[in-house]
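Read the structure below first, then the notes.
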Amino acid sequence: MGNNLMQTDLSVWGMYQHADIVVKCVMIGLILASVVTWAIFFSKSVEFFNQKRRLKREQQLLAEARSLNQANDIAADFGSKSLSLHLLNEAQNELELSEGSDDNEGIKERTSFRLERRVAAVGRQMGRGNGYLATIGAISPFVGLFGTVWGIMNSFIGIAQTQTTNLAVVAPGIAEALLATAIGLVAAIPAVVIYNVFARQIGGFKAMLGDVAAQVLLLQSRDLDLEASAAAHPVRVAQKLRAG
């Protein structure tokens, strides 16, 4: 019996080669799922790092702005893909659409809604790929378990056909079956961990973008209030300007 066990190739590759076609398909599918997981991890990690660093730099520059026009001048150098520039454009577009309106509170409310929608859209865009991670993490163990059950069934069939319980006959089939479960766990565990890490990063990034949106809304609100004050007290404002 010992010689038979030694002659049986119980390496990972050997067990794969001797596995049933169904178990092989399960293993290949799980390996492909693992490859997808790590591809998403590396691509999204680079994306998160670049976007976060860029947004942080833009936020620091916009903190020096004292009006919406000044912020637009600063953001002109950010590039067309700048998220901060998109937020400023939303505020500017609402001002242009509401030109002639005296309802400053309505303008602020509509701008706030626009900015919230933009932040939510960015969050959805940053979350692309997380659905695959969640699916892989949820179903991989069960797919591996299916391969294990199928392999054990084949082992029992082999026992019945050979009419022996010799360990040399039983062990290889069971080992091949358990390999499917192991690969399923190898695919699922990183997917779940990476999904949770990305979920936290997306939440943090949306918070940073929300701070920029609040800064844009603050600048717009200040501009509207100053314009309203200038219209209500033109003489006082003119005196202050001359005094300055």
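Cβ atoms are placed via backbone N, Cα and C, with glycine included.
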Same-side membrane placement of TRP13 and ARG57 in Swiss-Prot: no
Segment assigned the feature transmembrane segment in Swiss-Prot (from 72-99, 128-155): 128-155
Tally of DSSP helical, extended and coil residues in the topological domain 'Periplasmic' (156-161): 6 helix, 0 strand, 0 coil
Within the topological domain 'Cytoplasmic' (40-127), residues counted as helix, strand or coil by DSSP: 69 helix, 0 strand, 19 coil
